[in-house]
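Just lifted these from TrEMBL, have a look:
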type     : residues               : note
SIGNAL   : 1-35                   : signal peptide
DOMAIN   : 76-256                 : domain 'Aminopeptidase N-like N-terminal'
DOMAIN   : 291-493                : domain 'Peptidase M1 membrane alanine aminopeptidase'
BINDING  : His363, His367, Glu386 : Zn(2+) binding site
ACT_SITE : Glu364                 : active site, proton acceptor
SITE     : Tyr446                 : site 'Transition state stabilizer'
DOMAIN   : 610-922                : domain 'ERAP1-like C-terminal'
Amino acid sequence: MFFFFADLWFENISSAMVWLKLCLLSLFAVSLAWSEDTLSSQQESTLAHTGEPSPSSTDNLSFPWSRLRLPRYIIPRHYHLLLHPNLTSLSFTGSVQIQIDVQNNTNWVVVHSKGLQISKATILDQNLVLPVLHHPSHEQIGIFSPRVLISGQKYFLYIEFAADFAEGFYGFYKSTYTTTAGETRTLASTHFEPTSARMAFPCFDEPTFKANFSVRIRRTPEYISLSNMPVVKTVELSDGLLEDHFAPSVQMSTYLVAFVVCDFKSVTAKTSSGVQVSIYAAPEKISQAYYALEVGVKMLDFYDEYFNIPYPLPKQDLIAIPDFQSGAMENWGLTTYRETSLLFDPVTSSVSHKLWVTMVIGHELAHQWFGNLVTMEWWNDIWLNEGFARYMEYISVEATYPEFKEYLLNTCFAAVGLDSLNSSRPISSPAENPTQIEEMFDTVSYDKGACVLHMLRHFLTDNVFQTGIVRYLRKYSYRNAQNQDLWDSLTTTCSDEDFIAGNHCYSRGQATKNYLFAGEHLNLTAMMNTWTLQKGVPLVTVTRKGSRLLLRQDRFLRTVMPSDPEWPALQQGYLWHIPLTYKTDASGAVHRHLMMSQTDSIHIGEEVSWVKVNTDMTGYYVVHYADGGWDTITKLLRENHTALSYKDRTHLIHNAIQLVSAGHLPLNQALDLLGYFPRETHTVPLLQGLNYLEAIYHMIEKRDEIAYILQFFRAVIDEQTWSDSGSVSERRLRSEVLSLACHLDDPRCVERARQHFRDWLQSNKTLNLPTDVATTVYSVGAREDDGWASLLDTYKTSLSEAQKDNILFALTCSRDTNKLQRLLELGLEGDVIRSQDLSHVVMFVARNPQGHHLAWDFVKKNWDHLVQKFQLGSPCIRNILISTTGQFSSPKELTEVKLFFESIKEQASQLRATQIALDNLKKNVRWVQRNLGVLRSFLTLVSIPMKNRNCNGVRKYV
C-alpha cells in the first residue's frame, strides 16, 4: 500500500538530484532493511489500520513501517536536546541530536512525533536535508536517508521542530496561577507518561529505549528552568536570553524526562548521603512546602537503606504544578505533583491531608527505584512499577511516620471490588495503542498489584522478600524487566554476585527452607502466574466437617449468580495457588496451607470451636463460611470480638457485605454480623461498617430509614469533639463520623456545624476552624444561599489548596440543583474551577442524591469536550464514567446508559471503563431487586435503641 507523505526539504538543487538518483537505487534496499520484525507487503497492508487517514507519501516513497511499536534495530544512546519555550506566545522551538546505533542496514529511521512541526531532519555526516514522512494515526515519522545506514555503525540524527504548548495535561503544556494581587502568571511543565514525550520532542518513545539525556533550556531572566539533572552552567546569549545547561542524565526511558520553566521559589535540605532535596512552589505558597521537604529527606534516606542501593542522582526536586491531572509523576530527579499532593498548610490542612501528602511522596520516591532504575519492558507489566510503588507507600510510611500508619486493607477492598466484576482484567494484560496503555493505570495495576505483593511478602517472609527485590533491582538496574525476572529474583539461592552475573543456581530443595510454607511443593512462577496472568479474585468456601475443614475455590463474581446460565462458562478454567492462612480458638498461632486444587481439606481437630481464614487479610481472596459458619462468627463477635484482631474483624465485615452483593449470603445475616458494633473500639472496623451501611442506604435513597445508622452509631457520634485533639486515628474517625452524621441530618451535628460556620463568617473568615471538621462545617454552611455564595468567594481567593478542596466538596453538597449545575459549568469553563478539578466536581455532584441525573446529563451533553480535555483512556474519563453511572440502580437507568454507550460506540468500544460501568450498574439493579424487601423487613424487626445493647460507649480508638 502506498501513502502520501509530507514536504521535502533540500539545501540546494545538487542535493535534490543526488537524492533522486539514490532514491531509485535504494528502494530495493529499503524493502530489505527491516530484517527484524520483517513484514511482507501483504502483511504491511493488513497492519496499516484500514479506514484511518492515509499516512503521507509520494509516488516513490511510502511510509515504511505499519506497526505501532518501533523497529528494534535502531537504538538511541544519547539525546542532546535544546528547547526554547516562549511563555508569551505559548509556543516552543527546539532541536534534538540523537546518537543512534544501527544494528541492521537500513535507509529509514522511524521515531515518534505527535503534533510537532518538523522543519529540518538530517544525519550529521551527510550534507543533506532529509525527507520526513508522517504517520499521524501511529504518532510516528519516518526519515529517509538516501545513503544506507550501515549495521554496526553509530550515527547522529538531527531534527529541528516547533509546536504550541499542548492543550490539556500531557506533553509540554501551559499552567497558570494567580497572585493575591490578581496577576496571572504562566509557567510551562511536562507530563510524558505513558506516551507523551513525543509531544515535546521527536524520540523513541517506548520504555525499552533507555538513553542518556543532555538538556539545554533557553529562558528569559525572570524565570528559572528545571530538569532531571542539576544545572552545570548558564550561558548568557546575545539576545538577552539565558541558556541553562543540565548535566547528562543516567540511562532512562523517555517518559521520565521532565522540564519546567517557571518563577517558583524553593526550600532545600540534604539527605544523610548528601543528596539535595528541594521543594518548589509558587512564591506565595512556599511557606506550605516545609512538611514535604521533611518527608522527602526522610523517605530518600529510608529507601537508600531498605533497597541497599544509593539514590543515583545528585538532587531530587519536588515541584507543585498548579494544573496537573494526576496526583503526581515520578520523573527521575524532578517529581511533579498536584499542589494538594505536595503542599501542607498547618492552619487549613487536616491530618488526613497530611497523611495523603506523606503517602504520595512515598509513592513517587519509591518509583526512583521501582520504575526508574528498573523499568518494565512494556506497558502490559506497568504493575511492576505501580504495584510496587503503591505497596512501598505503606512500608515507607510505617517506617518513617509510625503515627500515620495506614492500612492496606482498604486498598485490597478496592481491588476486590473491581476484580469481582467480569469486566476486570489480568494484572499483566496486552496494551498496544495509547488509549489501551492509558487504561492500564487503574485499580488492577496499583491496588491489586500491591495486594498481591503483600500476599507474596507474607508467603516468602519479610527477609526473603526484601532480599529478593534488592537482587531484582541490582540485576536489572538501568534496564528493563518482566514478571519472570521478578520471580527468578525472589526464588534464587545464588549469591548476589552470581545472580547478577546471570548464573543459574536455583534449587527447589534449598529455596523451600526459606519459606513459611516449608515442606510444600513450591513453584513460585506457576503460583504467581495464577495471580498475574488471569483476572479475578478467588472465593474460598469453608465448611466444617468434624475435625476437618473442607475447602473449595471458585471465581468470585458479583455480576453473575450461581443460578444464572452463564455461571459455569465464567468459572471454567479458573484456578489459583492460594497461600491460605487461618487461626482457631485452640491456638494463637497462624496456620498455613497452600491450596493448589479446586477442592481441599485441612485437619484442625475436634476441639476447635471457631476458625477464621485469611488471617489479617494477608491473602487476596474472599472467604465464605458455609453451613452455619457465619452464625458461629457472628456469635463470636457478639460475645468476644477481641478474640479476633481489628484487621480480621474488618475483613469479616467486608467479606460479608461482598457475599451479599454476590448472592452467597442473605442481607439480614450480614446486618446481624454488624450487631456487635456498639462494643467495637477500633477506628478501622468502625469506619468500614459505617461506610458500607451508608452505601446501602445511599443506593436505595430511603432517607427516613437512615435514622437506623444514626441510632446504631449514636455513642460513637456523641463522643466526638469539634477539635483537632487526639491521636491520628481518633482525628480521622472524628472527621468521618461527624461528616456522615451531618450528612444524614443528625440535629445535634447540624446545629453545632452551623454555629461554627456562623462564627467563621462573623470573624470575616479569619477564624481558624478545626481542620478535621472544616469540611463538615463548610458543607452545612453551603446549604444556605448566603453561605454557598460566601464559600465560592473564598474558593476564588484562597492560597490553600487544602482549604479549596474542602470548600469545593462542600459546594457540591448543596441541595439546590441550580447551584450544582453552575458548579459543573464552572468546571467546564476552567477559570474559577480549574480543569484539573472538573472530574472531581462531576464525581462529587453525582454522589449528591440531588445531582445523580444532573451529573449524568452533563456528561452526555459534553462528552466530546471531556474527551478532548482529558484524553479518551485517561483516569479522569474512567472515573467520570464509573462515578456517574455508579449511582444508578434501576432497569430504566441501565437502559439509558446502554443507549448512550451505543451512541458513542466507536469510543466506547476502546474503553474497558464502559464495561466496568455497565457491570456496576447491573450489580446495583440486582442488589436492589434482591435485597430491598429484606432490608425493610429487617429494619422493621430490629431493636434499635442503643440502651438495650448494654453499650457503655467508645472509650478509645487505637
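Note that the numbers count up from 1, one per residue, in the order the chain is shown.
Here the Cβ of each residue, glycine as well, is placed from N, Cα and C on the backbone.
Could you place these features in context, so I can see how deep they sit and what lies close by?
Glu386 (Zn(2+) binding site) is surrounded by 24 other CB atoms, counting those within 10 A of its CB over all protein chains shown.
For Glu364 (active site, proton acceptor), the number of other Cβ atoms no farther than 10 Å from its own Cβ, over all displayed protein chains, is 27.
Here Tyr446 (site 'Transition state stabilizer') comes close to Trp383, Glu386, Gly387, Arg390: these same-chain residues lie at least six apart in sequence, with C-beta atoms under 8 angstroms from its C-beta.
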So what pLDDT does the domain 'Aminopeptidase N-like N-terminal' (76-256) average out to?
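Computed over the domain 'Aminopeptidase N-like N-terminal' (76-256), the mean pLDDT is 97 on the 0 to 100 scale.
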Starting from the Cβ centroid of His363, His367, Glu386, the recorded Zn(2+) site, name every other residue in that chain with its Cβ within 8 Å, sequence order please.
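Counting only non-site residues, the set is Glu330, Glu364, Ala366, Phe370, Gly371, Asn385, Phe388, Ala389, Arg390, Met392, Glu393, Tyr446.
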Neighbour count, 10 Å Cβ-Cβ cut-off, for His367 (Zn(2+) binding site): what number do you get?
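Step by step: centre on the Cβ of His367 (Zn(2+) binding site), count other Cβ atoms within 10 Å, giving 24.
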